[in-house]
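Undergrad: Got a structure for you, written out below as structure tokens; questions coming shortly.
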């Protein structure tokens, strides 16, 4: 009886993966995520020029999902596994066993922790990089997992860039390396002897030039920290001083306006005006001094006056009217008190009723990034007003703790922005997770005030750049683009010390060891610097000797094996330096002729899963046959819990223990085609 086509497809998948494990020296990375961060990490891994060549990338995405930014599953060159659960079966289908690294990039702390435990059950040696917001949970994960793990927060890395943009200053990035603390600053704010290297030329006409050849004219530099506070902190102090210098009368009037509703306020003012007019008339009719007239008016209004028939008719009329005004004033005062209490409770719970503010910062969206931005602004004692559609967003508890007013409503509506006093604020930070809602809120705020400084969060870096140029909304930032270099460095085990955001770019600071026999072994230090790509700032000689910093570096000094080079670089420049410092490439593994099977393509299985089957009739490709990878993305669905006739979950190769690929039938050894 002929072998069922499903079994033949499974055998083809198994044979293909056997060839990959034998003949493909490239590292394999599994990336789980569906948003822009997963896209940038996967794309960078595909484009990375590692010492062993490019990387093989498998992305795991849900069966159905909506992508707010670039779609990671659409990247050319990735293998796609679709599964709604990150469990053991999914990771086995993704080929996690024996992989180099695993990135868990969903915005779900508990879900990422569960996935990390499942991945650990598949292979404890795979390096894991987790995305987490909760710092306490992150510390526990590092102790809990047996596998090598790195826990990072994209919000924590990107928030300083938003804070600096809101205060119209450079990003206050600082880091400590060896025995020095370095920070980012404007050249005008630091002494010349403290400048480590030039980071960027900032020009409105030519844009941003990173790591320029001309060091002296750079606007942004990396400098040694000498105790001077960063520019962001200085700007925040200016805001606080300006707020404290506001006139006390204006503050009191603002508090009074926010205490009662408009109708009650008008009624109270009308009654008080009537009492004042009648008091003036009494002072004339009774021929008394102004103080005596005030006394008579208050007593008559609040407690009434004894009837006096001997008074003139006009005096009697004024006395009666004052008594009536007093009767109206008492309930109005009671209404003001009750209304003030109700308004205070509403403000506490919903934030809709707010006093007028000046010089504050409005943060829209208290998600991961918005909460971090709010917390850092409050650390600088900057007044913050938050807006969110959700009555209890992620940062609501912290907002109450920091005494930040939270307005619940749609930020695209003018009344919500007016309640937050957007027209009088220092800056507006739009940090929600919806690009469309962010753009709507920014445009609505610009309608209230044309010169308002807006810091806009957009997921797609290219879209952010085009929006900034077209709409002139101020500053646009992509959190994923800013955080991706740190995740890439952790995934590839590069010693990334810090990541410096510059405009919409990110410059990793890394320490690269020099291997024996590498391209740089025995070469002068001068070859490390590459304009626009790599800038050497320190060298630590082999043996753990004292670090030689930029001031004492000589381009003629010789690099020896074991030296560690600290550089500021762009991603491609860091890839180049990593290759130059890597040991000589080992001999490539060749695949015997005739043992290259067909590349599997997804075909539907009877059980509902999508498995791979051979496709013939295409021209062979030596490079593709050697690496076992597809020129485009390959979509593999996963039925995680549906076993087939062999007892294996559908969509995964059956066990091959006891089988020898050398003895397969001609049906299983057909030539591989791509």
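Note: Cβ is positioned from N, Cα and C throughout, glycine not excepted.
Whatever TrEMBL says is automated annotation, not expert-curated.
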Undergrad: Of the ranges 297-319, 320-342, 343-365, which one does TrEMBL flag as transmembrane segment?
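TA: Range annotated as transmembrane segment by TrEMBL: 320-342.
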Undergrad: Can you dig out which of the ranges 226-244, 245-263, 264-282 TrEMBL describes as transmembrane segment?
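TA: Based on what TrEMBL states, transmembrane segment spans 264-282.
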Undergrad: Could you tell me the mean pLDDT over the domain 'RCK C-terminal' (497-583), as a whole number?
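TA: Averaged over the domain 'RCK C-terminal' (497-583), per-residue pLDDT gives 91.
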